[in-house]
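Trainee: Please read through the structure below; I'll follow up with questions.
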Amino acid sequence: MLREGIRVARCTVARLMAVMGLAGVLRGKKVRTTISRKAVAAGDRVNRQFVAERPDQLWVADFTYVSTWQGFVYVAFIIDVFAGYIVW
């Protein structure tokens, strides 16, 4: 309300929210998901060649995480390199 130029006491807002059955959003500590170490770069030890000449010749896998209201969930998927589609 302050951004709108309306000055009101915090206790007044709390009382009105309680009457209406509203609750504010609880913000938690920011989660640090990546700790980067720029000192050492990993070499290509597996001779990566991500080129396919036909479908189902080469699949690659990856996973990531998504933030939800209950916390983080992990998502894994497999991609056909030729088509660029998620196959599994």
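The backbone N, Cα and C atoms fix where each Cβ goes, glycine too.
As listed in TrEMBL for this protein:
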DOMAIN    51-88  domain 'Integrase catalytic'
TRANSMEM  69-87  transmembrane segment
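Can you walk me through where each of these features ends up in the structure?
Mentor: Computed over the domain 'Integrase catalytic' (51-88), the whole-number mean pLDDT of the model equals 91.
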Trainee: Cβ under 8 Å to the domain 'Integrase catalytic' (51-88), counting only same-chain residues 6 or more beyond its ends: which ones?
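Mentor: Same-chain residues near the domain 'Integrase catalytic' (51-88) but 6 or more away: 31, 33.
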